[in-house]
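Chemist: This structure is in structure tokens; I'll ask about it shortly.
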Amino acid sequence: MLDPKFLRNELEVTAERLATRGFILDVERLGKLEEKRKSLQVSTEELQASRNAISKSIGQAKAKGEDVAPIMAKVGTLGAELDAKKVELAALLDELNAIAMSVPNLPDESAPIGADESENVEIRRWGTPKEFNFEVKDHVELGETLGGLDFKNAVKLTGSRFIIMKGQIARMHRALAQFMLDLHTTEHGYTEAYVPLLVNEDSLLGTGQLPKFGEDLFHTKPATEEGQGLSLIPTAEVPLTNIARDSIIDEDDLPVMMTAHTPCFRSEAGSYGRDTRGLIRQHQFDKVELVQLVKPEDSMQALEELTGHAETVLQKLGLPYRTVVLCTGDMGFGAAKTFDIEVWLPAQDTFREISSCSNMQDFQSRRMQARFKAKSAKKPSLLHTLNGSGLAVGRTLVAVLENYQNEDGSITVPEVLRGYMGGLEKIG
């Protein structure tokens, strides 16, 4: 959520910056609503002051023995007018808040301006794609031949975009998640967290999934003691970041760095017909998430470091990748700046996204009222929040299967995973 004062005072500037990400801010409508708000605010305050002044005169009139009935009638009339104005003002503020909640974050000035993913900027590459002397198979053919990926029975149990993993491939999937968690907690300084997979509406509003992306969520019917429905998490970013909601963190406790391995659930409402084959785009998938809460002046450096933490996973697995900075037109709703990490998939002969690392600045923290208190400050300030995949486990499995395949259809186990797989060197 943008700073309401900035939005009001810098409406044209805000509209120009939002236009670079393809969002058209209705400046005329907002301007009219803001003028109406100011007018209502003034008239409400004037009515309140008049009512208070006349109410005080009742006691004085009684002391003089005067008839207070006309004064009481006037107070009643003013009270009714005031109540009506308050209702009108509240409705207008709700309308303005609804607009504010639907406006995406302002792109950081360092984000390249562009319309779509074709204008993203590659900033580095690591590793060299292997040249195979045989025809490469994709992960679906490899996994099904080895008996480790069962799409047919997953469809029978649930539907499309689900998977059953078995045997050593299921074990490798688990090993990848354990390896990622161990790396981030022992070498990168993150604290592991176990979090709920179901969250309430306030949490989804806090991190920006609601109100705009409700159709991409799986919702439950009202079933809690509080009587509200819950939603399955689309990413562990939601519960991890919301831990700081309605909190004030001491400056000495920053940065807060958390990681969690969870299943994630997405309806993929806007992805009909895309990546229908294999594990690339599933309704349920595992991910190791990285979240940081930092002081504003530290957030851009923290983004570089968080992205590096995700890249280290691929480096240790020996998987070639490239890192791109997203242009303004391709960034997510709440991001001020984003780096995407794309891993090489031989069967597709291209790089595919495996991690997205974003600096949200104070966009989420303003929604959540997540703040910190500096020693020298009289009042708390909004935190900056960052998140990234460290990594998507299923897509990492895809990359390992395809990059480590052998001509006979077997898979060489990357050295860093062998300790998690009982010393196993090859699958198949």
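For all residues, glycine too, the Cβ spot is worked out from N, Cα and C.
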Chemist: Swiss-Prot has Thr235, Ala236, Glu237, Glu289 binding L-serine. Which one of Ser376, Ser381, Ser389 is in the same site?
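Modeler: Answer, per Swiss-Prot (L-serine site with Thr235, Ala236, Glu237, Glu289), from Ser376, Ser381, Ser389: Ser389.
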Chemist: Compute the C-alpha separation of Ser356 (ATP binding site) from Ser389 (L-serine binding site), stating it in Å without decimals.
Modeler: 6
Chemist: Near Ser389 (L-serine binding site), which binding-site residues out of Arg266, Ser267, Glu268, Ile354 have their CA within 10 Å?
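Modeler: Cα within 10 Å of Ser389 (L-serine binding site): Ile354.
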Chemist: If you count CB neighbours within 10 Å, which one among the binding-site residues Ser267, Ser356, Ser389 has the smallest count?
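Modeler: Output over binding-site residues Ser267, Ser356, Ser389: least Cβ neighbours within 10 Å is Ser267.
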Chemist: Secondary structure at Glu237 (L-serine binding site) (DSSP, helix/strand/coil)?
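Modeler: It is helical.
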